[in-house]
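Inspection log for the structure reproduced underneath, given as structure tokens.
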Amino acid sequence: MNPQAKLIFISSLLLGTTITISSNHWIMAWTGLEINTLAILPLISKSHHPRAVEAATKYFLVQAAASALVLFSSMTNAWHTGQWDITQLTHPTSSLILTAAISIKLGLVPFHFWFPEVLQGSSLTTGLLLSTAMKFPPITLLYMTSSSLNPTLLTTLAVLSAALGGWMGLNQTQIRKIMAFSSISHLGWMAIIIIYNPKLTLLNFYLYTLMTAAVFLTFNSMKVLKLSTLMTAWTKAPSLSTTLLLTLLSLAGLPPLTGFLPKWLIIQELTKQDMILAAVTMSLLSLLGLFFYLRLAYCATITLPPHTTNHMKQWHNNKPINPMIAILTTMSIMLLPMSPMMASAL
């Protein structure tokens, strides 16, 4: 892709995100979401492969439907209350429609079907944008309207997302699809706590973005798209494979790694809200995710390829590790263990 064109699309993504997260009026928030959708479409379909074009078409149709619902919800609220302010979404029907619209935009169950397909049709870098940057504007809208959302509906969507995200990821062999189901299951953790403690949702999102960026950039550096290729990656980049193992375990939420922090705080908050059953259910469902992260980690570091492999034997790659991967991986692994040390030093 032409560098100038890429610059325009990335700038438009930043502009759309900034407009949405800084707006008070529903029309401005909607405009930002539309700019984002239109800017990411060329990045999805840039390879001109039929799968990429199909992914871009699916993404466009789903996001257009969700944007129409956002507009419909805000107009219904304005009709009943005379308010266009985002934080004044008080009409119950409007908040239900908005929850559905944002769930479609994020890929929460039962509106998750488009997300693995779109991610599978995109490159790893575009997949990273879809899993992180494109989720930020809808989450900020949920954050701003959290006081008027329906707790039962969101808890149901969250538990279903954690269940299906973990369950459907078990059988996948494609790395991008595994990461898509991982994203769906993490969104479940964010959705369950948004009403009770919105700041925790944002913390969870920031840490999820950090760890997912580290994993996607590592896979991109190794040129790995499926499990069978990942099995041969150890001989090519042993140090990168070792750090990938720890980052994946952090993404799974194992203590004492960074990924354990949001899960720990969310379970604590749910317990304070007397939602013991929800807390236990979410904790047990995270074991499903742990299984496929362990599977990825096992393939990356412990499996040696059989002699009958179809892949060419890879030799040591002496290329230095990208500093961005090094920083993100270190933070993904060490942020939680180091924080008490930094707090005591201060």
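Just so you know, glycine gets a Cβ as well, placed from its N, Cα and C.
Keep in mind it's a predicted model, so treat the numbers as computed, not measured.
As annotated by TrEMBL, domain 'NADH:quinone oxidoreductase/Mrp antiporter transmembrane' applies to 23-288.
Look at TrEMBL and you will find 290-342 tagged as domain 'NADH dehydrogenase subunit 2 C-terminal'.
Marked as transmembrane segment by TrEMBL: 5-21 (among others).
As annotated by TrEMBL, transmembrane segment applies to 56-75 (among others).
According to TrEMBL, the transmembrane segment annotation covers 95-115 (among others).
If you look up TrEMBL, you'll see 152-171 (among others) marked as transmembrane segment.
The feature transmembrane segment is assigned by TrEMBL to 178-197 (among others).
Sequence annotations record features per position, and here TrEMBL assigns transmembrane segment to 203-225 (among others).
The transmembrane segment feature in TrEMBL is assigned to 237-255 (among others).
For 275-294 (among others), the entry in TrEMBL reads transmembrane segment. If one looks beyond the transmembrane segment (275-294) by at least 6 residues along the same chain, the residues whose Cβ comes under 8 Å of a Cβ in the stretch are 155, 158-159, 162-163, 165-167, 169-170, 172, 178, 181-182, 185, 188-189, 192, 248-249, 251-254, 263, 266-267.
Per TrEMBL, transmembrane segment is recorded for 321-343 (among others). Nonlocal intrachain contacts for the transmembrane segment (321-343), taken as residues 6+ away from its ends with a CB within less than 8 angstroms of a stretch CB, comprise 207, 210-211, 213-214, 217-218, 221, 239-240, 243-244, 246-247, 250-251, 255-261.
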Spatial neighbours of the transmembrane segment (237-255) far in sequence, C-beta under 8 Å, 6+ residues away: 182, 208, 211-212, 214-215, 218-219, 221-222, 262-264, 286, 289-290, 293-294, 296-297, 300-301, 316-317, 321, 325, 329, 332-333, 336
